[in-house]
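To start, the structure itself, in structure tokens.
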Amino acid sequence: MGSTGVSWKLADHPKLPKGKVIAMIVLDGWGEASPDKYNCIHVAETPTMDSLKNGAPDKWRLVRAHGTAVGLPTEDDMGNSEVGHNALGAGRIYAQGAKLVDLALESGKIYEDEGFNYIKESFASNTLHLIGLMSDGGVHSRLDQLQLLLKGASQHGAKRIRVHVLTDGRDVLDGSSVGFAETLEADLSDLRSKGIDAQVASGGGRMYVTMDRYENDWEVVKRGWDAQVLGEAPHKFKNVVEAIKTLREVPGANDQYLPPFIIVDDSGKPVGPIVDGDAVVTFNFRADRMTMLAQALEYEKFDKFDRVRVPKIRYAGMLQYDGELKLPSHYLVSPPLIERTSGEYLVHNGVRTFACSETVKFGHVTFFWNGNRSGYFNSELEEYVEIPSDSGITFNVQPKMKALEIGEKARDAILSGKFDQVRVNIPNGDMVGHTGDVEATVVACKAADEAVKMIIDAVEQVGGIYVVTADHGNAEDMVKRNKKGEPLLKDGEVQILTSHTLQPVPIAIGGPGLAAGVKFRKDVPSGGLANVAATVMNLHGFVAPDDYETTLIEVVD
């Protein structure tokens with residue numbers, strides 16, 4: 001159980017009592033931005049969150065949830081749910097996803113490690129396939145990393161390369177896929193001029209092809225499999241730029257939902273199906289939307305859809321996508337080793353924990369919170385409950401999602417008296433915000449607020465403490481803006497923003513169990529999500545380990 005040789009005993013906090021139940025509420029995609037009609041949190045009826053914000057000024061503040069505060073390379077990097085929950089749970093800042101890959105590519109270490117040497121064995125007589133999101137959004141992948149990997153792989157022996165692209169339009173502007181495809185095509189043309197047989201082989205929109213998550217809809221992965229592996233798709237083109245431009249001309253088409261297509265040669269034959277002996281790399285660094293494809297590529301026993309043909313390949317992920325499942329078993333860049341998470345410490349100190357969300361964010365409040373680790377630290381002290389998400393529909397169709405069900409489960413867990421910490425993720429602001437549907441996102445925010453009220457009411461009943469925060473921004477700004485902050489227009493219409501944001505997120509504390517004199521410190525102005533773990537440990541009556549980011553609270557006599 002946990003790391004060996006670690007002293008798990010936490011010192012008691014000199015001024016804060018133990019034994020108060022703590023509700024740890026994470027609102028997904030709930031940032032803080034100026035009020036206007038594109039700020040769905042502002043527009044929505046959110047009396048509970050409003051009362052926290054407008055209540056005691058020393059019990060509410062903002063924290064950073066993007067860039068270096070969550071281990072990403074620059075302050076231009078949007079936070080995401082994975083790194084956000086890693087930081088919330090770990091209490092320390094780890095180099096994450098993109099940053100890890102950047103360092104490995106920059107140093108050339110990626111080409112020396114086991115993962116690359118494993119796929120390299122296919123280069124002499126077979127094809128290297130690269131599958132992933134063609135985007136500079138920096139949430140799942142980055143185009144410049146793909147460009148460097150193409151260059152590096154060709155310099156390290158790859159003679160035949162096929163790229164299987166997924167168009168974005170979610171973390172970047174819809175329509176930007178055309179420019180990305182032109183950039184990629186120029187790079188591949190340059191490689192061809194040097195004698196490397198390099199081409200795009202297939203493609204499709206990320207939300208319709210390949211990039212499903214949490215086993216919501218295996219048909220999405222199957223469409224990708226058919227195009228990438230079998231070389232079969234309803235649309236055939238001579239090159240990727242023509243493919244995307246043509247498919248985008250269909251009324252209602254957008255980058256996220258482009259149908260699958262393959263690239264064919266002059267005789268109409270697909271240029272790049274995956275066959276025995278080939279090497280395959282999924283180049284996304286973020287795990288959640290690559291794990292299902294990874295299973296299809298790696299698992300011998302697989303029953304989610306008929307793969308028809310299962311080539312014997314050498315497969316590696318850009319990173320390992322699931323440390324507990326060891327999936328994939330080969331990867332180009334090693335993951336951050338997040339040990340001694342706050343959850344593990346608290347369980348070792350007898351804190352009984354309940355965690356709950358619906359399917360789309362269940363992994364965040366468990367796996368990512370626990371440092372990229374599946375399962376329980378101690379099944380006798382922990383209970384994790386997953387509420388199935390709606391499937392087969394986009395989230396704006398049912399924008400309330402399962403917020404109220406999550407609220408009810410949390411309420412019941414608090415009132416049961418069986419737990420010391422009840423931890424939830426309420427996904428609405430993020431998942432509905434990603435659809436770009438402003439009206440539905442307003443409904444989503446209202447539902448999330450109602451769930452928070454349900455949980456806080458239960459905390460009041462048992463004399464507990466609540467901590468309400470978020471993992472990154474999204475619903476608070478639904479429009480693309482110019483440098484002056486004004487909405488950007490295209491053909492007279494505002495350009496809707498479907499991505500996360502760079503905004504800070506709130507954190508509020510309160511409840512009848514909060515000891516007198518507890519307030520937010522004024523000397524941690526640049527506090528971020530990683531500071532939350534020590535804060536929560538304090539509220540449980542413990543002092544956090546020395547290497548944790550400092551607590552956000554103090555106790556004033």
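Sequential numbering from 1, following the chain as shown.
Glycine is treated like the rest: Cβ placed from N, Cα and C.
Residues or ranges marked as active site, phosphoserine intermediate in TrEMBL: Ser81. The Mn(2+) 2 binding site annotation in TrEMBL covers Asp28, Ser81, Asp471, His472. Look at TrEMBL and you will find His140, Arg170, Asp171, Arg206, Arg213, Arg286, Ala287, Asp288, Arg289, Lys361 tagged as substrate binding site. Summarising the annotation, TrEMBL assigns Mn(2+) 1 binding site to Asp430, His434, His500. The domain 'Metalloenzyme' annotation in TrEMBL covers 21-542. The annotation domain 'BPG-independent PGAM N-terminal' is assigned in TrEMBL to 101-322.
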Nearest by Cα to Asp28 (Mn(2+) 2 binding site), of the binding-site residues Asp171, Ala287, Asp430, is Asp430
Between the C-alpha atoms of His434 (Mn(2+) 1 binding site) and Arg213 (substrate binding site), the distance in angstrom, to the nearest integer, is 14
On average, residues of the domain 'BPG-independent PGAM N-terminal' (101-322) score a pLDDT of 96
Near Mn(2+) 2: residues not in Asp28, Ser81, Asp471, His472 with Cβ within 8 Å of the site Cβ centroid are Val26, Gly29, Ala65, Gly79, Asn80, Gly84, His85, Lys361, His364, Asn425, Asp430, Ala470, Asn474, His500
Asp471 (Mn(2+) 2 binding site) sits from Arg289 (substrate binding site) (Cα to Cα, rounded, in Å) at a distance of 18
Sequence-ordered binding-site residues within 10 Å (Cα) of Asp171 (substrate binding site), taken from Asp430, His472, His500, are His500
Binding-site residues considered: His140, Arg213, Arg289, His434, His500; fewest surrounding Cβ atoms within 10 Å belongs to Arg213
Residues lining the Mn(2+) 1 site besides Asp430, His434, His500 (CB within 8 A of their CB center) are Asp28, Gly29, Asn80, Ser81, Gly429, Met431, Gly433, His472, Asn474, Ala475, Thr498, Ser499
For Ala287 (substrate binding site), the spatially nearest of the recorded positions Ser81, Asp430, Asp471, His472, His500, using Cα atoms, is Ser81
Quick tally, other C-beta within 10 angstroms, Ala287, Asp471; top of the binding-site residues is Asp471
Per the 10 Å Cα distance test against Ser81 (active site, phosphoserine intermediate), the binding-site residues Arg213, Asp430, Asp471, His472 reduce to Asp430, Asp471, His472
Binding-site residues Asp430, Asp471, His472, His500 vs His140 (substrate binding site), shortest C-alpha separation belongs to His500
If you count the other CB atoms within 10 A of the CB of His472 (Mn(2+) 2 binding site), including all protein chains displayed, you should get 29
Widest Cα pair spacing in Å over the listed substrate contacts His140, Arg170, Asp171, Arg206, Arg213, Arg286, Ala287, Asp288, Arg289, Lys361 is 19
